[in-house]
Amino acid sequence: MGKSKTKNQKKSRATANHVAEQIYGAVPHSFVFHRGQIGKNVGQLILDVRRVMEPYTAESLKVKKKNVLKDFVAIAGPLGVTHFMIFSKTTSSINMRLARLPKGPMLHFRVLKYSLIKDVVSSLKKHRMHEQQFTHHPLLILNNFGSDGMHIKLMATMFQNMFPSINVQKVSLNNIKRCVLLNYNPASQEIEFRHYSLKVVPVGMSRGVKKLMQEKFPNMSKFEDISELLMKGANLSESEAEQDGEHNITELPQVYSGRGNMASQQSAVRLTEIGPRMTLQLTKIQEGMGEGNVLYHALVSKTEEEIQEILNRKEAQLKEKEDRRKKQARNVAQKKEKREEHKKNSLEGIKRKHAEAEEDSEVEDPGMQDDQEVVAESDDEVEYYRQAVGLEPDEDMFPSAKKRRSSEKSHGPAKKRKLSRKDSDTKSPKRNGPGGQHRDKMGKGWKKSGDREKAFGKKMNPGGKTFRGKKPGDRENKFGGKKKFEGKKTFGGKKNKDKTFKSKGQKGKPGFKKGAGAKQGFKQRKGKG
């Protein structure tokens, strides 16, 4: 395990991060994107321009069709974006807009010619481009931007503010690996955009010594002595040793990365183009984010009177817009007041309705009261009729009283009538014998005393008998079963017409007498026997 950081180390690290954040927030940032339909080549050109603007640009900015310019402006503030480079394509040309946030101005350029990074690199015999070059911002070089003209100065200022400024006294030369050149041609009014990779090599030595200073050691198989390499520099191609002159030789103030680049020594600065390449032409300059007055137009020129008329018309439009905004604000306030008033009236109406409903609920129902009085009067009339006449009134005489009695009966529980022992004996005669049977109260059939009462119409359990069920082949028997005669009975003795059959039941109970038909049938059977 490594040692834990001390308090001083943590404090110094936090301070360094804070300074880095301040420096990062102070430098300009940019968005490079497109608007509308573009082709494949223009899309690749946008990616190459993002490569030039690294590291202070959005490398993977995603743009959707539904996005508008206001969306980018809204998100640019929190992210600290200061410049927009917007590419668009028409049927006749490719355009580029350079805008300063948040209030402009906006410069409109026409892209006359362009070349991509892959095209530039493929045309070179030796190219020098690696990832370490894009860790720092490029050095901006402006050429021929000192001519007279408001639009020229404004262009120079816009290009300068797109890249971080450099303090000559504090800058580190090792951080400068690239440069962007903008050359203005006053005759054609065109701007050449170039992107170069920067390399510094020592001067004042032969080509052989320079070869020894490089990483790759030269081939010395054909030399007899190393002095031949240092003096003659044989077996070296002309492309490996570029011609240096006064135009690119300078004295280094600092030690620069690379072999032989020492301070206060002569070194040559070499540029290798890495692309992209563009030729731009300024068309117009406009105030704001493309919505303000036109400050400069390359193709249209106007007099002072026309410019004043345009300004007056613009002021009138702004005034009309302000009046509409005020009128709309008044209308919104009036609608809000009406809604509040309507809401207040609605709440008052609801409260009043609830109060009336509560008052109505406290009063008795007059309909029920009238019905009760009618019933009471009908009962009094029936009683009066009984006392006066001495007889019960007819059913049709007082229909209201009849309805009253029927409703009371229907609502009240039905009570079973208890029969006395005498009534039960007279109304439900039994046969003598232990298996005696009796008729039920309704008189619709006989049931055995040992059976339990079953609900009418319900089926019994499987194997049982249904109510009043009969077996096939059984004769109809009024008494519901076979007759059993017990006791001593003679059939050949004296004929006694008054003889009755008595069961072994309780004494004193009347038995069943035989009818005439039964007696006659008995005689026939007796005679045959």
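The backbone N, Cα and C atoms fix where each Cβ goes, glycine too.
The annotation compositional bias 'Basic and acidic residues' is assigned in TrEMBL to 334-350 (among others). Within the compositional bias 'Basic and acidic residues' (334-350), the DSSP-based counts of helix, strand and coil residues read 17 helix, 0 strand, 0 coil.
Feature annotation from TrEMBL assigns compositional bias 'Acidic residues' to 357-382.
Marked as compositional bias 'Basic residues' by TrEMBL: 401-420 (among others).
The compositional bias 'Basic and acidic residues' annotation in TrEMBL covers 437-456 (among others).
Feature annotation from TrEMBL assigns compositional bias 'Basic and acidic residues' to 471-489 (among others).
According to TrEMBL, the feature compositional bias 'Basic residues' maps to 490-512 (among others).
For 28-291, the entry in TrEMBL reads domain 'Brix'.
Here TrEMBL flags 318-529 as region 'Disordered'.
Marked as transmembrane segment by TrEMBL: 68-87.
Beyond its flanks by at least six residues, the transmembrane segment (68-87) meets 25, 28-35, 38, 42, 45-46, 49, 53, 58, 94-102, 111, 161-162, 289-290 of its own chain at Cβ-Cβ distances under 8 Å. Per-residue confidence over the domain 'Brix' (28-291) averages out at a pLDDT of 85.
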